[in-house]
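Feature annotations, reproduced from TrEMBL:
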BINDING   152-159, 234-238, 298-301  GTP binding site
DOMAIN    319-332  domain 'SRP54-type proteins GTP-binding'
Amino acid sequence: MNQKNKTGFFSFFNFKKETTKKKETNKTSLTQNNEKNFNQTNTSKNIFQIFVNTLKKTKEKFNITIKNLFYKKKIDAKLFKDIEETLIKSDIGIITTQKIIHQLIQQADYQQLKNANELYELLKTIMVNILNQTTTIQYSTQKKPFFILIVGVNGSGKTTTIGKLTKRYKKKGKSVLLAAGDTFRAAAIDQLLFWSKKNNVTLIHNKINSDPASIIFDALSSAKSKNIDIVIADTAGRVQNKIHLMEELKKIIRVSKKINPNFPHEIMLVIDACSGQNVLDQVNTFNKNLGITSLIITKLDGTAKGGVIFSVIDQYKIPVRYIGIGEKSEDLYTFNAQHFVNALFE
Ligand SMILES: Nc1nc2c(ncn2[C@@H]2O[C@H](COP(=O)(O)OP(=O)(O)OP(=O)(O)O)[C@@H](O)[C@H]2O)c(=O)[nH]1
């Protein structure tokens with residue numbers, strides 16, 4: 001399979017290609033189990049409909065305008081200008097929009113397109129390619145425990161997402177252990193306790209203001225001795241300031257490497273789509289300091305700013321692994337570029 005198209009190793013939709021190509025028997029992927037469960041309970045069409053419903057608010061800005069632009073229009077400079085304006089208004093961001101328009105003009109010229117309809121399809125393809133520029137880290141049973149460090153600013157949805165991930169991995173038959181690394185806010189520990197009980201998994205925690213690096217170290221040691229598959233660690237979103245937070249997170253990473261130099265396998269940044277273009281600043285800060293391996297975009301259900309996904313992926317080349325589309329524990333989906341773009345244009 002084309003590496004560029006492998007947005008989500010956990011992706012449902014690439015499963016067939018993955019399994020035929022990958023003959024390594026000692027590796028099991030969450031994707032494979034994912035897909036089996038998925039096929040039993042859902043269909044690609046349903047998932048697509050969920051994407052369509054989720055993006056309702058983002059589509060309001062984008063969809064009607066874009067369709068009107070292409071309707072029976074001829075290809076000229078004005079059309080490109082209008083498309084550019086629509087993309088910018090849809091939170092796709094100026095830099096990424098200009099890149100899309102540049103490619104659109106070049107390819108339309110190269111393919112000698114005359115018809116606006118063909119340009120419409122070309123725009124979709126270019127937008128999917130923008131989202132497919134990244135590859136995700138592979139889960140493997142050899143990486144045991146597979147350590148996922150969850151980071152993000154306050155209120156972005158970290159704790160809720162951990163609850164959703166726990167449910168998801170448990171459903172795939174994986175053993176999960178949680179670590180309450182947000183010791184700054186008592187409610188965060190209570191929230192994780194709720195999720196751990198709900199999913200029947202162990203939570204390693206300590207009292208408020210205790211050292212998060214030490215809690216996470218204990219959690220990883222315990223997971224190793226108990227042969228646990230996956231450890232998910234929560235972290236604070238706000239300490240005294242941004243520098244303190246980054247130092248705290250760096251310490252967690254440093255200390256975890258004493259157990260295994262490859263820890264953490266994943267550093268997932270949770271970002272709230274409602275923040276629009278401001279998320280770029282968050283991605284920049286966390287990535288510069290910690291090296292983010294994937295993104296989880298939450299609250300796509302409640303915002304018109306879903307277009308920001310294009311600029312985040314385009315500017316940082318970090319894959320979006322999951323999207324959060326509601327507060328319930330099942331409201332987490334593997335991100336799929338094709339579905340996302342099709343849903344936007346639907
Ligand atoms: N609509 C919607 N709400 C969400 C989603 N994900 C999380 N939330 C809500 O967002 C709020 C904040 O979520 P938390 O999980 O507490 O966020 P956090 O990042 O852990 O915040 P702190 O613990 O304060 O650092 C809660 O009310 C969640 O129910 C989502 O995908 N959609």
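Every residue gets a Cβ built from N, Cα and C, even glycine.
Curation does not apply to TrEMBL; its annotations are automatic.
Annotated features taken from TrEMBL, shown on the structure.
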residue : record           : DSSP class
G152    : GTP binding site : coil
K158    : GTP binding site : helix
T235    : GTP binding site : strand
L300    : GTP binding site : helix
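Within its own chain, the domain 'SRP54-type proteins GTP-binding' (319-332) has Cβ neighbours under 8 Å at 7-8, 10, 50, 54, 131, 134-136, 157, 160-161, 163-165, 167-168, 195, 198, 268, 294-301, 309, 312-313, counting only residues six or more beyond its boundaries.
Across all of the domain 'SRP54-type proteins GTP-binding' (319-332), the predicted model scores a mean pLDDT of 93. Put plainly, the binding-site residues K158, R238 were compared by Cβ crowding within 10 Å, and the winner is K158.
Ligand 1 lies under 6 Å from the Cβ of the following binding-site residues, listed in sequence order from G155, K158, T235, R238: G155, K158. Counting only same-chain residues six or more apart in sequence, the Cβ atoms lying under 8 angstroms from the Cβ of G155 (GTP binding site) belong to G237, D272. Under DSSP, residues within the domain 'SRP54-type proteins GTP-binding' (319-332) fall into helix, strand and coil as 0 helix, 6 strand, 8 coil.
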